[in-house]
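So that we are looking at the same thing, I have put the structure below in structure tokens.
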Amino acid sequence: MNAVGMGTDMDKESRVEKPSLDQGKDVNEIRGGLRMTVPPTPPAKDLPPSPPQTKLDLRSAAASPYEPPNRPLPPRPVKVSESPKIPQPSRPPPFRPQAPLGMNPPTRPGTAASGRSGSTAASSRFPVTTTPISWTSTISKRPLKYAQGKYGRVELVPQPSDDSDDPLNWPSWRKEVHFYSLLMLVSITGVTKTMFMTVNAQVAEAFLVSYTAVAALTGIPLVLSALTGLICLVASRICGKRPLYLVSLLFVFIGTVWSTNVASSYAQCMAARIFQGLGWGAFDTLILGSIQDTYFEHERGTRIAIHSIVATATTWGPPLLGGVTSQGPTGFSLQPTILSAFFVVAVPAIALGVPETTFDRTLSSVQTPATADSQFKTFRPLTPRRLFSVETISEYIVKLKPFAYSSKADLTILLQAPRAFITPTTALLALVSLLPYASLWGLVSSISLLFYPLPFMLSPATIGALFLAPFLLSCAATAAPAFFPRWQTRFTSRTHMLALAAASGLALTGLLTIGLHLNDAMTPPEASSTAPSSVMNDNPTQQSRPTAAVATSVFALSYLGPRANLPACSFALGLVAAAAALLRATASPLIRASTSFTAANLAVATRNTADMAAGVACWHALAAGVFVIGAPNAVWWWDGLRQFCIGVGVAQAVVVAGVGAIWWFLGERIRRWDGTLMGLVDLEGLRKTGSFFDLD
């Protein structure tokens, strides 16, 4: 047999027997080895798998006239076990300074690219990611923590530390106990502020003093609360908030209990009210800071709204019941007697349920030098413990000591609160809302002067009913913006101008209604004709006004009383109360815009927000105290009431027009002036260049 024939026979034999040599080998691989030197390109992943070929297909392929020359089959690839890959440390991305918060969203939502760039193992086990710390040169990274439940995809702002003493790490029940314990004291202080509104005339008769002296029982404590509020803000930087709450609780308790036994002494009553005023300041200025210390950003909105509504309701609601309780044989002293019973719950609530919330999260966030694999470690949640055990109870009691926080008395830090009180934003917010708020307090403090004597002779219970419209409309005006999300997130300049115009319109309508209506109803038709005839002086212009005042005073004839529409007067006061509440609601978004524009990080922005909001509250309290003392001297006669209401209404319109123009044209400059006046660039802790959200 020749060589050619032998080669042909061997070729045919190999064609028939090759599929049976190794049944486990893929047929496609065999065909590829017969036809080409290199393996074929694998099919695309999105194509459907080809059906397995039969022997008939192999034979038809072998019989093809276009068969390539015979070559030996390539060796079968041997699978090599892959060794586990060790992740190599990579350099952190270069830091790019961020713009102020006014140009950034409050949180950093993930994107598709960021979701693919993290560690797969860590992201599958814990809901965390990592980001390099802003001003370190190491490769150490801090894990970002996210909320749980329905907010599971929300990044926690501010980022809590790993310390269990951090108020942000408290269990929910402990946070709620802390919050509602403070709300109880807010309610008590609100009740004590308007406790004498319906019985001022009765108190003046009991103490044999002027009505202005009785109005000072409310005005002087309001002025003192403005001063103590500023002092509490400054002192909280050194000793925290808990000792200030305890001292303020003691002042309010002493003043309330003392008020139960002062029916025969005006001096003792004033002393008791001064004690109450000294205790009001902390609960007017520190509550917002405590909410910020305890709750995350996505949890604060509801709590702040509840706090605002409770503070408003407990200020204007109690006179509805205070007048009824004051008609008994004990008189006005029954109100503080009933209020004293609530301290049985309030004192233990503050002592046991309000631990210190001031926590220096900066020191807890300082990172140690990184190792090669430290950047791949993930955050492990704190190990839960039993709710009630001897260990947890003993640890909790230890943390309830009066002084649980102390800080260095740095003059620059201590001056932040006074500076926040005089920033352009704080001053403009206080100015635009001062007249409606203060005039409301001045008018309601004079209600008893206007309607208790002739020709009305209204009882304290009926006078208290006049507070129904202020109570309802002020609560509605407070709740509507608080539970409207776009009010906080999309508060534009146009929205601000509309809110100012609407609130000023309500205030002007209410003031003109009550002033013009009562003056017209209480002016006798013959007053203008009888006034000149009774003049004893040669110059009638010097005597006409006093004579008309006597003829139209509150001691006019009894037939003038039914001419006054008391429900309309109550509704007019309600419009003024709604205007004051709406103007106060514009403060929150404007303050947030200012602090986010000027602050270097989230911690400073949060602190400045609380300081500026407290500044607005203190300016309001100061103005309210002044109007409470001075308004009765201006409105004791009906023409004076008309002039007072017209003057305040016109002044408010002028102020709103001027302040609105300043905000519209100089909004960004005002925020820059805030930062300059706050002296943020001089703070040593804020000179570090970093992300707004780092070291929260």
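For all residues, glycine too, the Cβ spot is worked out from N, Cα and C.
Bear in mind that TrEMBL entries carry predicted annotations, made automatically and left uncurated.
Dumping what TrEMBL says about this protein:
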REGION    1-126  region 'Disordered'
COMPBIAS  9-29  compositional bias 'Basic and acidic residues'
COMPBIAS  110-126  compositional bias 'Low complexity'
TRANSMEM  177-196  transmembrane segment
TRANSMEM  208-236  transmembrane segment
TRANSMEM  243-260  transmembrane segment
TRANSMEM  334-354  transmembrane segment
TRANSMEM  428-451  transmembrane segment
TRANSMEM  463-484  transmembrane segment
TRANSMEM  496-518  transmembrane segment
COMPBIAS  524-534  compositional bias 'Low complexity'
REGION    524-543  region 'Disordered'
TRANSMEM  564-583  transmembrane segment
TRANSMEM  616-638  transmembrane segment
TRANSMEM  644-666  transmembrane segment
What stretch in 177-196, 208-236, 428-451, 463-484 has the biggest tally of Cβ pairs under 8 Å against the transmembrane segment (644-666)?
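Out of the listed stretches, 428-451 contacts the transmembrane segment (644-666) most.
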Please work out whether the transmembrane segment (564-583) lies in contact with the transmembrane segment (428-451), by counting C-beta pairs under 8 angstroms that are 6 or more apart in sequence and asking whether there are at least 3.
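Since 3 or more Cβ pairs under 8 Å link them, the transmembrane segment (564-583) and the transmembrane segment (428-451) do come into contact.
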Mind checking which residues reach the transmembrane segment (496-518)? Cβ under 8 Å, same chain, six or more beyond either end.
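Sequence-distant neighbours of the transmembrane segment (496-518): 432-433, 435-436, 439, 443, 450, 564-565, 568-569, 571-576, 578-580, 582-583, 585-586, 589-590, 638, 641-646, 648-649, 652-653, 656, 659-660, 663-664.
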Determine which residues of the chain contact the transmembrane segment (428-451) at the Cβ level, with the cut-off under 8 Å and only residues 6 or more beyond its ends counted.
194, 197-202, 211, 215, 218-219, 222, 319, 458, 460, 462-463, 466-467, 470, 500, 503-504, 507, 511, 514, 518, 554, 566, 573, 576-577, 579-580, 583-584, 586-587, 590-591, 615-616, 619-620, 623-624, 626-628, 630-632, 635-636, 641, 644-645, 648, 651-652, 655-656, 659, 662-663, 670
Select the range from 208-236, 243-260, 334-354, 463-484, 616-638 that forms the most Cβ-Cβ pairs under 8 Å with the transmembrane segment (177-196).
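Answer is 334-354, with the largest number of Cβ pairs below 8 Å.
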What same-chain residues lie close to the transmembrane segment (208-236): Cβ under 8 Å, and 6 or more beyond its ends?
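193-194, 196-197, 200-201, 244, 248, 266, 269-270, 273-274, 276-282, 284-286, 289, 358, 414, 417-418, 421, 441, 445-446, 449, 611, 614, 617-619, 621-622, 624-629, 631-633, 636.
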Please report, as numbers and ranges, the same-chain residues at least 6 past the borders of the transmembrane segment (463-484) whose CB is under 8 Å from any CB of it.
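Sequence-distant neighbours of the transmembrane segment (463-484): 197-198, 301, 304-305, 308-309, 312-313, 316-317, 319-324, 440, 444, 447-448, 451-452, 566-567, 569-571, 573-582, 584-585.
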